[in-house]
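Per TrEMBL, these features apply:
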DOMAIN    1-73  domain 'Cytochrome b5 heme-binding'
REGION    51-74  region 'Disordered'
Amino acid sequence: MAEVEDNDAPDSCWAVMDGAVYDLTAWIDEHPGGGARIEQLCGTDASEAFDAQHGGQENPEEQLSEFEIGVLSD
């Protein structure tokens, strides 16, 4: 998680969701809800925030999958 926490800025934005690590840097400017919503997640475990915002929506994970860069290890 330390490496994720080191990538906590808009120019290098990593976040964890359900154990997977995502590089969301390119998604900041593309996010339909605005970049600020993504920027606040940089360097964090964003699982709860993602589920709260997108839970029940049809397949938001599909769009997210293109940004997956790895799996969080212990």
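Using N, Cα and C of the backbone, Cβ positions are placed for all residues, glycine too.
The DSSP breakdown of the domain 'Cytochrome b5 heme-binding' (1-73), given as helix, strand and coil counts, is 27 helix, 18 strand, 28 coil.
Summarising model confidence by region, the domain 'Cytochrome b5 heme-binding' (1-73) averages a pLDDT of 90.
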